[in-house]
Amino acid sequence: MKMNNTINIEKDYDFTDVINYWMSLFPEINNINEFEDILKEVKQSSLQDLEQEWNKQEYDSNKHNTEILELFNFNPDEKTKKIEAIFTKNEKDYEKLQFFNFFRPIIKYYLCEYYDVINNYEVLKSNEMFLQSLIAKIAELLYQISYRTLVLEVNIAKSNDLLIGESSEERFLYFQNSLLKDESFLKDLYTEYGCLISLMKLNTKNYLDFIIEILEHTSAEIKKISTVFNGGKALGNLLNIETGSGDTHQGGKSVSILYFVTGVKLIYKPRELNFEEGYYNLINWINEQNVPGMKKLKAAKSLSVNGSGWMEFIPFEECMDEDQVNNFYYRIGHLLCLLHALNARDFHSENLIANSEHPVLVDLESLIHGSLEKEDNSIAGAMENCAKLIESSVISILLLPSRIVLNDKSNVNVFDLGGVGGSKEQLSPFRSEVIQHNNTDNIKVTRDFVTLEPNNNNPKIKNHNQQIEQFLNQIQEGFKQTYDWILDNKEKFINKILELFSNQTCRILFKHTFIYGRLLRSSYHPDLLRNPIHREILLHRIALYKFKENFEKVSPHELKDLLIGDIPYFTTNTSLKTVKDSRGQIVNGYNLNVTPLETSIKKIREFSTKDLKNQLKFIDLSFIHTENKNDSALTNVTFSKGNHLSENSSIEDQNLSLLKIGNHLLENSIMGKTDSEIDRTWIGLMMSGKDEITTRIASVDFDLYKGNSGISLFLGYLSIATRNEEFKKAAIQSLTPCIKLLNNIIEHKKNNTEENEIYSIGAFSGLSGIFYAMFHLGKSLNIEKFIDFTYENIGFLLEDVKKGRDYDLIGGSAGYLGVVLSIYNKTTDKSKKAMLLKIANEIYQDLENNATYYSNDSVFWGPNLETEGYTGFAHGTSGISAMLIRLHKITKNPNILKLVEKTLNYERLMFSSKDANWYTNLSRVGISVGWCHGAPGILLNRLILKDNGYHDNIIDHEIQVALDTTIQKGFGNNNTWCHGDIGNLEILQYAAKVLDDSYLENNCLATYHEIFRNSINSNWDEGYSGTVNIYGLLVGLAGDGYSVLKHRADLSIPGILWLE
């Protein structure tokens, strides 16, 4: 989100200007009523209340100026002199801390208040050294909330010619070490940034209060601490406290590390560790059961006294050999099962330490987590039931590889935050503030992805990370072994859980902490640090993140924490349903449906062989995107070149495979029911970007590519082929969630409630693909309401054409165009044809207007960047021009033909003669052989051009080159439509038809039978990975079936790759 300092106190403005500025911080909302709804939800206030507050404090300058003077006026007593001596003695070290002199008055002021208290603690080895360290730590803390403001002030000082020095570096040092020491200059900054100074003061006070809490509690309990963690031997004095090992909660408190002179390190946590103690006892109890084949587990020791806790420091230690690595991941399987049974959450990579062959959990606040779901499941739709199933599975624990998407456009990157994920360097999941031209007067803050080092969560041998995907079997075996034991000892296990964890405090996570963290960082923008109301209004954005029902009840409590710079923190009692905030106040209006302990016990009671099978599938799913599929997905199919098989696959075998595939889809679907309608969906993997990277586990979604629309299309044609009414019902039920989605969007558009929402409209990942499936199902199954719905609503996507910036076949307007043309060609009514043609022409005009000129006579679509300029059929120019030539055949518009020629010119510039193929994009690095990218898709484009009357001097040669490359290199990779054998074969069969080549046609038929026998018929139920099948049309089981149906002589099924 970009902010501009539009409210300047030196200019004339009224409160309307203020409101407009505040609304600019909420680009998602459409009107002032929505803005006021957010105010009411978060702060129970109205615009009128805010106006009064604004006028009242705009600006209490006398009070603020008095507070500033207090920071600079000190009585020169002995205490002040001692503190000043510490600053003077360490001046050179402190001035290495950027902008240190800006923080000095505040640090000095509060040290004077706390000096005597800190100095009296005998537990410290050296009070002076501790204070020296404390000063640096406070400066680092304050830097995080103020550096963006100070970078701005460097640039303002430069523009005002206030900086002195021969070089850029000297002028920066002048700002840092001269201007920031100038009391007058500093007071002016403190006066201007009143909100920032208040935050800095509050953070400093909270930090020192927390340090004193640690010293007080550690001093009082040092004997107990020594007994538990050092065998009764003295720990010695405390050398240092390292704070900030985690988020801050409850007034600036965080996990900290205590360093003692004896070399012992301990973790201090500002809460009772009853959960940790219960977990330690649970692990010891399980070890004592001597379960056959179960490896001994390890847990950290802990001690709780009066609201504070100390925990054993678990160091990272390497493994000696691969046997120890095997043991590590076998134990991960044990832990995963225990965490699943307890309904644990948030065990990401920072909460696991690889201690040689022992994985040790180090943050157990969410060991038992309450369910945030509604209690009544009887009226939930399939998509909702699918989400609930995932939410209650091993996936939700985050211990397994867990990907989040960086973005979903061309350049997709993903971040693995899973407990056993992230074994290598990764790009940060979101853009962070990065300082450029540091320590110069050209310093500026930009946003970019930064490289993050791996945590200590995965085992190493001689400093080398191990490939986790090699140990999937160990994790599953360890999980199964523990699961089987719990299954056989349910009551015994449940009784132990009740004994250890009844009436204990546990954390409730309403939102991912990164959501809070990003919002907090946004609130430290200089524009928001002058007046506190501006920052407070921005923090109201927390209300936009509502993932469950009644989440609005927690928003006021979240705001209170965010205002003081804390990550919001909620807890409950494992045996109660009420939720409390970080101050111990009950969140009124929000109760859990069942207690956390009841949720856990219910989950354990539901342990079964069927659930075990499901959880093992989820483990498989979590590893699909970590595996190297280059070998595992090979089909070893080669294109037939005249060596035709003596006999084809029998009709009986093909029919039997179709029935098996159809029944498997039905058996593995997830059902739902809403408004007396039954619907269904499947669990799958999200795919993002033009490289189709697999990401998080979710429902298969609504789309044609991998989702409900594509699966319903297959099931519909299957019902015709088999005359099986169950498949027809399933096709309709699969399309039902998609129709509900369309109806909801249409309703929102009619009511103008989502004016700023931009929908994907493409044929394969967007909304137009739903219309494609619906229309063709309506035609083939004689369902008039599907056909009517399509005609009535296909045009509503037009406004998204103008909003969007996606133009390709998969997710953009070219796909929408292809769908409209497909419907047009199946329509006989003249008025409907005219309506469809009008839509098609508007889409064309938008494509024409938004073409990117690579040269005077060559175009592509998208930004003119090295990573753009895609040529492939799915994501690039060849798919777009193929749809345009189909429109040209109808309208004969010469401008369309010119645009097609310009795309051809661009693609010809991207041809690689040495590869006999086309580069994927402008980087000229990638060469692929699939429908989505590379020669097969280019071949399909040229065939469509030729089939629709286009000809030039090069096209026949290009067809031959692309044909040869597809035949030679396009088979044996995998069995999919998008980038595998099935799709490439479909393109070659179309080539045989367009080129009237019976020899090629016969070779295609022979190749199909090889694919059917060796892949589809024999391997359809082996799964994409381990126990897991992918169910989609272009990638998955429905696609296998669709290919078989396409080869039925008695059926007329459209070519899906070009939206026939």
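Glycine too: its Cβ is placed from the backbone N, Cα and C atoms.
Among the features that TrEMBL reports, Zn(2+) binding site is placed at CYS932, CYS978, HIS979. HIS979 (Zn(2+) binding site) falls outside any helix or strand according to DSSP and counts as coil.
Under the heading domain 'Lantibiotic biosynthesis protein dehydration', TrEMBL lists 193-572.
When averaged over the domain 'Lantibiotic biosynthesis protein dehydration' (193-572), pLDDT in the model lands at 90. Working note on the binding-site residues CYS932, CYS978: by count of other C-beta atoms within 10 Å of each C-beta, CYS932 ranks first. HIS979 (Zn(2+) binding site) has a Cβ environment of 25 other Cβ atoms inside 10 Å. CYS932 (Zn(2+) binding site) falls outside any helix or strand according to DSSP and counts as coil.
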